[in-house]
Structures are given as C-alpha cells and as structure tokens.
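Asks: Pasting a structure here, questions to come.
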Amino acid sequence: MNYFNIVACLILLGFQAAIVLAEFNYGEALDKTFMFLEAQRSGKLPFDQCVKWRGDSGLKDGALQGVDLVGGYYDAGDHVKFGLPMAFSVTMLAWGTIEYRKEITNLNQMGHTLWAIRWGTDYFIKAHTQPNVLWGQVGDGDSDHYCWERAEDMTTPRTAYKLDEAHPGSDLAGETASALAAAAIAFKPYNSSYSELLLVHAKQLFSFADKFRGLYDDSIQCAKQFYTSSGYSDELLWAATWLFRATGEEHYLKYVVDNAVYMGGTGWAVKEFSWDNKYAGVQILLSKVLMEQKGGAYISTLKQYQAKADYFACACLQKNDGYNVHLTPGGLMYVHEWNNLQYASAASFLLAVYSDYLSAANAKLTCPDGQIQPHEVLNFAKSQADYILGKNPKSMSYLVGYGPKYPTHVHHRGASIASISVLPSMVSCVQGFEAWYRSPGADPNVIYGALVGGPDQNDGFNDDRSSYEQTEPTLSGSAPLVGLFAKLESLSGNKGPYHKRPTTEQPSQNYHHQTSVPSTKSPGVPPVRFLHSITNTWNVGKTTYYRHKVVIKNTSEKPITDLKLVLEDLSGNLWGLSPTPVKNTYELPPWLKVLNPGSDCSFVYIQEGPQAKVSVLSYQ
C-alpha cells in the first residue's frame, strides 16, 4: 500500500568553514542508498518500486502461525527477516531523519526517507500482536543458507518465531521499541496519527522488555549463530532514552539515571556502535540532554554518561591515550573482520551527530590527548564516508553502483541471479549455486547503493561472491548512511539537489518526488491542511480501536466552498462529514458551506489501526 503518494523514480536530489568542498557527490550516494533499501523489501511491492528486477516475495510469511508477517526487510544477501538488525536499521533511519530533516528535505528525499522507515514500522506493528508478544524472526539462517535462490522463488521454510512472557527477549523488544519511538518523532510533523500509533506500540514493547527480561537468542535460538546478542541492558537504556526524547516524560529519563550503573550506561566505555552494542548511542543522546540544560536533578549522572560519550569519540579520532579504534593503513576504522563497514558507517553517523550537539552547545570534545573542535569530529566522519566512496588505497567505491569502480560480484542472491522478469522459470537451490553463485561473471542486476562488507585490516579487498565477509551488504550497514550523506551533502558545495537514477531503473514516465509527506495528496497545492490525532483507544477482546480526529484548516487567504474529500482505507464509522454519491467521497456538512480563511472544522472516525488517508478531490 502506498501510504505517502510516492511515485518518484526521477529524484530531485550554517556552512562550517573547516569542511572542504566535496570530492564526492553525497547526494547521489544518498539516492543510491535508498535504492538498496528498496532492493531489500519483502512482501507486496508498491507500484512505484524503482528497483524493477525485484518482485513480490514472502507473501505467506506468518501464515502457518496464523499471523500476518508480510513485509519488512530482508537482512543481507539472504532472505531471513532478523528482527534485531532490522529494528536497529529503522532506528538509524529515523534518527537520521530527526537530526537532518532540513537537509533531507532540501534534497527532495523526505518522501523516500519516511517510506523507508514505514516499510519497517508497518511490519513491526503487525509483528506486535499483543502487548507482551513480538514476532521476532521469519525464516532461519541454516535452511536459508543451504539455498541460493531469488526471494521470488523461495522454497526454504518461512517459520516465524515469537517472544512472549515465557520466552522473553529484552534486547529485541527494546530495540523495536526504540525504532518505533524514534520513528514517532520522525513522522510527527507529517502524520501525527501514525506517530501516536507508533508511540502506543513503543511504550508497550518497552514495558514488555523491561518486565520480562531475557536474551532474545535464548528464546529464538536459531538466531544465535547469526546475530548473537551480547546483552540487553544497553537496549533497555536505549529504548528509555528514545521514549524520553519522543514523549518528554520524566520517568523515562529517571529510568536511565536510576539504572546507569546497574545496566552499564555510565560504566561501559566502548569503541563500537552497532546493531548489538548501543551504549555509545545512549551516551551521546543523553549528552544532548545535558548540553541543552534539560537534565534537571540528574545532571551529575548525565555528566558521567557524557564522559563515556567523549571516550567513544576520542577513541575514534585517535586521541584517547592509546585506547583507540584501530585504523587501517588507508585510514578506515577497523572493528570486526565480518562486514566491517557496517561498524564504520554507524560510528561515522554517530560522530556527525555528536559534532552537531557539541557545536550547538558551543562546546569542545575534551580528550586525553587534547581538546578537539566539533568540526574536527565531523571531518573524521567525512573521512570515513570518503573512504567508502573511493578515497582509499584501492580507489574503489564500496557503495555498489557509485563511481567508476565498485564491486560487481556481490554476495547477494537477488543481485547475482537474473531477474524473474527476465528469467521467469524457477531457479532452484542447487541450480542457483551451480549456475549463478559460482559464475565468474558480474552480477546480472546491479544492486545500487549496497554497502558491502569492505576491505580487511590492511585495506585488501577480494571482489568474490564467496568472500561474504567482504562482499555481502547489510541493512544495518546502509541505514546510518542516510543521515550521514544528507549531512555531508548539505556542506559539500554541490549545486542543486537533482540526481538522476540509473536509466535501467527508470519507469516509462518521470515524476517529481514530494519534498514532504503530509497526509494529503491532490493535484496542485490545496489550500487546506489536515491535522490528525488519536483522541482515545480501547480494547474489545483482542482488538484495539482508535478514535481518530482530523482538523481541516483553511490555510489560504480566500474562502473555500464546495470542498470534496476522498477518504481511503476507512473501515469504521465517521461523523462530521456528509457522504456524496461517489464512493469514498465526502463533503462538508450542510450547515458549513464556507470555510473562511484561517478557520477550521473537524471530523472523527473510529477504526482499528492506522489512520485513513485523506485527500482533496476538488474545491472552489
């Protein structure tokens, strides 16, 4: 379902003096990153899908367990929907949107960004079937990895696995709560009703994670081999921090203060930020609270959090008295042998954000080896982005499809096998390995925007599908790049936000992408604004109902008459509008013929789940 009226496949893509003019087009890199996110979609693809070599897949996910789990994202080069890295990826997409809303909007990419977030959050809402139940995975890595086949041809088991009170998973439930809370902030200016719905689920999931504690991979044991959790304390602090930022409710801040020592928030000094380790993210988010003087009675504990945030940043910048993040000879952060670039991308985004926080507070980073200006922190983040895009000993872009030289043998099933639109006959498990995985030829489908695992600790790289540590892309590696590239593009000096996608991905018509994604869709710019809110919720059995209120405001300087609205996805009763003979079309009630400038009226409806889509059909 197209929630945002996104039909674009031709993308319209205070300066800090210390940032030099760009060697790279970060706007183009951002645009291609969105294409990778599209390539990872599971479920029924929308009509405006730009990555045309993909088709519908996983349409029966959850059916054996009696639950609808269609949608979400595939994790990497395989077809398992792993909940923990998927939720972290959505949190990163949302965080980038929150911090760099202006930059993303100026690049005409807000629609794509919110669409990418919602592809995940809609899935999480469906997976959260009861307050203390979360479906955390679909498919299992062992059986999936025995096959090399397209998502559209999947023959491997699509078993779904859940968390509940008897089988807890505080890390996974906590990360999903974080994703939904961060997404609620990102959506609030555009779709306030959906934002409220996300917060309802985020609060319930945090309560579930906190009350019923345990490691998710003890409950979903087939995840242990692939995404082993090192603990859940960081995710509980992370979720509470995001809920504080989303709600402003002090008890969430009190939670991270009261549990600072017990859960390691002020004890763990880390040199990694990733799908598994959120401590640095918590520490930097809470440093913002401190620097904005919103800490109240908790200042002393927040200062301890900031000390650990500084440790992380100083270690990345090699200013931490020898306790630093390892750098390759070419200058890349090297954290892990497997898919190292996902750790570099996450850390770089975090450093860019921290640089902004420090700059806004007119503060410096104090390291054991000296004080660091905020722009130096940002310059280091830029150096990592530049390494990814080609400023490295191999002169290779590790973002597929960007620049003249990039990996062409990506460890990705869909990219390495001819598209189902070209080769409609089924490709079996064995056939996939024999005919495609072992093929010496380049991928038949360029998976634009995929951030591969990247080089080894000596900057060496082997462009081979079997070298999965180096050539497999991941969702969690790409998600932080959205905010990072948007930030760098805004400082780059490049002219104009227009970037064209590869011609092989263009549809037959060109469309302009909406800069923002309000809940309206109509030709031109209608002189009305819709303000959505949820004013009440209640349960009938296992079903939750919501009372939605929509305020219609005349934002023009002229009276509006004969206003006709279209309401899509309306399943409940409606009050305050008059139906017309045309299906799904309504008009203002008889006693309200004219909506004067600056005035407003409202209507309400009751139904399950997300709000109806409201658009203007016509007006005088």
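In case you wondered, yes, glycine gets a Cβ from its N, Cα and C as well.
Caution: TrEMBL annotation is automatic and unverified by curators.
The model shown is predicted, which means the values in this text are computed figures rather than measured ones.
Under the heading active site, TrEMBL lists His411. Residues or ranges marked as compositional bias 'Polar residues' by TrEMBL: 468-477, 504-522. Annotation source TrEMBL lists domain 'Carbohydrate binding' at 528-610. The feature region 'Disordered' is assigned by TrEMBL to 458-477, 494-524. Look at TrEMBL and you will find 1-22 tagged as signal peptide.
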Asks: Taking the Cβ of His411 (active site) as reference, which residues of that chain separated by at least 6 in sequence fall under 8 Å from it?
Replies: Gly77, Val452, Arg465, Ser466, Ser467, Tyr468, Thr471, Glu472, Pro473
Asks: Which numbers of helix, strand and coil residues does DSSP report for the compositional bias 'Polar residues' (468-477)?
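Replies: Counting residues per DSSP class in the compositional bias 'Polar residues' (468-477), I get 7 helix, 0 strand, 3 coil.
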Asks: Within the domain 'Carbohydrate binding' (528-610), how many residues are helix, strand or coil going by DSSP?
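Replies: Each residue of the domain 'Carbohydrate binding' (528-610) counted once, the result is 0 helix, 51 strand, 32 coil.
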